[in-house]
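Single-structure report; data block below.
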Amino acid sequence: MAALRQPQVAELLAEARRAFREEFGAEPELAVSAPGRVNLIGEHTDYNQGLVLPMALELMTVLVGSPRKDGLVSLLTTSEGADEPQRLQFPLPTAQRSLEPGTPRWANYVKGVIQYYPAAPLPGFSAVVVSSVPLGGGLSSSASLEVATYTFLQQLCPDSGTIAARAQVCQQAEHSFAGMPCGIMDQFISLMGQKGHALLIDCRSLETSLVPLSDPKLAVLITNSNVRHSLASSEYPVRRRQCEEVARALGKESLREVQLEELEAARDLVSKEGFRRARHVVGEIRRTAQAAAALRRGDYRAFGRLMVESHRSLRDDYEVSCPELDQLVEAALAVPGVYGSRMTGGGFGGCTVTLLEASAAPHAMRHIQEHYGGTATFYLSQAADGAKVLCL
């Protein structure tokens with residue numbers, strides 16, 4: 001059992017250029033890339049103004065294209081799993097006519113970024129999207145596409161915004177055009193990732209801190225359950241609303257301002273379910289701070305213990321895990337050399353992330369597959385750089 005080979009940026013770029021030539025009859029003039037991400041710890045805390053600790057992945061979206069003079073946007077994707085149609089054309093938004101979300105769903109992420117892009121005037125353009133980020137796997141294929149789109153638009157019409165402002169435009173696109181009230185972590189790490197580092201993000205102040213993650217004896221294993229339960233999209237807004245209700249009941253702007261002791265003392269002010277949801281978030285923010293400190297001092301065992309605590313809290317208090325994810329985590333934890341494992345992403349399917357000794361990775365993948373009822377896909381990734389302009 002081996003990890004799925006990840007196409008390198010040169011391969012994705014070659015595929016995108018080939019598709020562009022076939023579709024538009026010319027070479028593209030511009031090319032950009034933006035990575036997916038895995039969140040090592042800090043789950044469902046970003047929209048509660050908490051702490052998160054993601055790293056950018058070597059899985060990425062590549063977008064190539066050229067400006068055009070007719071005010072139209074013409075798009076093609078070759079991404080596996082993207083809904084039909086894989087090509088479409090639409091006019092740029094105007095003061096009188098905004099873009100609207102529709103079908104195909106994959107194009108809504110592009111449309112949203114175009115709609116909220118702050119600089120003008122944008123020309124029309126033709127573009128091809130190629131991605132190695134699995135769709136629906138909890139590795140931020142959506143943020144990767146949003147950030148790639150934003151980075152491409154910058155080449156057509158430069159902006160003057162901060163990185164935080166760029167992340168917020170991409171986040172707004174996902175809120176309004178994909179109907180997902182996500183936090184800002186995914187867009188931030190796709191923009192700001194740095195090779196050999198995880199990124200501790202404070203989602204209240206938007207301050208960031210690089211945390212070294214380049215020990216060659218250490219590996220990060222991502223395991224895709226290849227299941228996606230329908231609860232994923234419907235339950236996410238429910239969890240967010242429950243957290244906001246508890247914060248209001250405690251007279252706080254967000255759960256970031258709540259300590260566990262305060263929450264315990266106010267147990268009677270909130271529903272039992274609301275209390276459990278908030279207990280996860282408040283505890284997870286604390287765990288994330290502790291995990292970043294553990295990683296800085298090279299204490300992988302402490303980091304792993306916090307990952308396991310995080311998973312159990314997501315399973316029992318936040319109730320966003322599922323039997324498949326639990327099975328993957330338990331199988332990983334049975335392998336010598338594994339420090340910790342947890343579900344990552346929104347939940348109800350998608351991926352787990354496991355921190356382990358690099359030498360243990362082959363055995364871990366075999367053991368997990370043997371003890372998993374479904375078919376898992378494995379990715380071994382180093383911490384990668386954020387969005388880039390590529391040379392053609």
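Cβ atoms are placed via backbone N, Cα and C, with glycine included.
ASP186 (active site, proton acceptor) falls within a helical segment according to DSSP. Among the features that Swiss-Prot reports, active site, proton acceptor is placed at ASP186, with the record citing similarity to another entry.
What Swiss-Prot lists as alpha-D-galactose binding site is ARG37, GLU43, HIS44, ASP46, ASP186, TYR236. Reduced to three states, the DSSP call for ASP46 (alpha-D-galactose binding site) is helix.
According to Swiss-Prot, the feature phosphoserine maps to SER230.
There are 33 other CB atoms within 10 A of the CB of ARG37 (alpha-D-galactose binding site), with all protein chains counted. DSSP assigns ARG37 (alpha-D-galactose binding site) to a strand segment in the three-state reduction. Per Swiss-Prot, the feature site 'Transition state stabilizer' maps to ARG37.
Cα to Cα, GLU43 (alpha-D-galactose binding site) and ASP186 (active site, proton acceptor) are separated by 11 Å. Neighbours of ASP46 (alpha-D-galactose binding site), defined as other CB atoms within 10 A of its CB across all chains, total 22.
The two recorded residues, ASP46 (alpha-D-galactose binding site) and ASP186 (active site, proton acceptor), have Cα atoms 9 Å apart.
Among the binding-site residues ARG37, HIS44, TYR236, the residue whose Cα lies closest in space to that of ASP186 (active site, proton acceptor) is ARG37.
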